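**Q** According to Swiss-Prot, the protein carries these features:
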type	residues	note
ACT_SITE	281	active site, proton acceptor
BINDING	44, 74, 75, 76, 77, 78, 79, 80, 101	ATP binding site
BINDING	220, 223, 225	Mg(2+) binding site
DOMAIN	3-139	domain 'DAGKc'
């Protein structure tokens, strides 16, 4: 078949989440090499390496003809590539191959959860343009959260149960995570202010978090808006119901315990200072400034049949 691209670069981490990364690389290169005249396979040994490679690609120091990027890994690895591409203004399409515990954004792109199947989908995938979240000086595709979602991420890092990864059980599981940290917040969304006490705040770009779909029909990473959710202390009992529902439901029918505010620019301060989860990576603390950057990134997308 005719090669679509001149030179593709496939990034991966040794600890990508696949049991055998070398076998995984072999399984995906068959399809990728069929759409690229030249395919480079680039190991990222340390955190931050992918961002450095993006800088080299922009300066034409890596190679002069790179015209597509691929990433094999989980949400954290994907997040590093997104930061590299945005920081160095690389106007190149990206193909995401799932290789970690969760790949929430690949669901949005209709990409198969299996890396080999995903690589085969790249052959016919089309380039779509998507919004990106900017958080202070970092970037993310999917979400920004604090409160309970950070406690969950820290539990996962400790090898404990991922409650957000099994949202169908969250109603009962969250009771084992008793007394989640309450915090005071001051929130500004498009110049409107909100304040109060909560246990979790979430700003979403994509419709999937923790493998489950947020039940809002109009939530899209291509609409130039973010969706912020403020959870009150009573809302845990209804989280289970929310994430079991179909995505066609009306948000207002399910709860008054979760406030939903769409917007483009967000400023958030808390008391006490809170850690912030960005696409599964805990790398910032409040206060934070968040904004949506419309049509910022090109991602290979599988047509929804």
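Each residue's number is its place along the chain shown, starting with 1.
Placed from the backbone N, Cα and C atoms, the Cβ positions cover glycine too.
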**Q** Residue 77 (ATP binding site) has how many other Cβ neighbours within 10 Å of its own Cβ?
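**A** Result for residue 77 (ATP binding site): 24 other Cβ atoms within 10 Å.
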**Q** Using the centroid of the Cβ atoms of 220, 223, 225 as reference, list every other same-chain residue with Cβ within 8 Å of it (recorded Mg(2+) site), in sequence order.
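**A** Sorted by sequence, the hits are 131, 218, 219, 221, 222, 224, 227, 262.
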**Q** Do me a favour and check the Cα-Cα span between residue 223 (Mg(2+) binding site) and residue 75 (ATP binding site); whole Å is fine.
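**A** That comes out at 22 Å between the alpha carbons.
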**Q** Under DSSP, the domain 'DAGKc' (3-139) has how many residues in helix, strand and coil?
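**A** Counting residues by DSSP class gives 50 helix, 41 strand, 46 coil.
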**Q** So of all those recorded positions, 220, 225, 281, which one's Cα sits nearest to residue 44 (ATP binding site)?
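**A** Spatially nearest to residue 44 (ATP binding site) by Cα position is 281.
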**Q** Near residue 79 (ATP binding site), which recorded positions out of 220, 225, 281 have their CA within 10 Å?
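**A** Checking each Cα against residue 79 (ATP binding site), the hits are 281.
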**Q** Among 220, 225, 281, these being the recorded positions, pick the one whose CA is nearest to that of residue 77 (ATP binding site).
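**A** Minimum Cα distance from residue 77 (ATP binding site) across 220, 225, 281 lands on 281.
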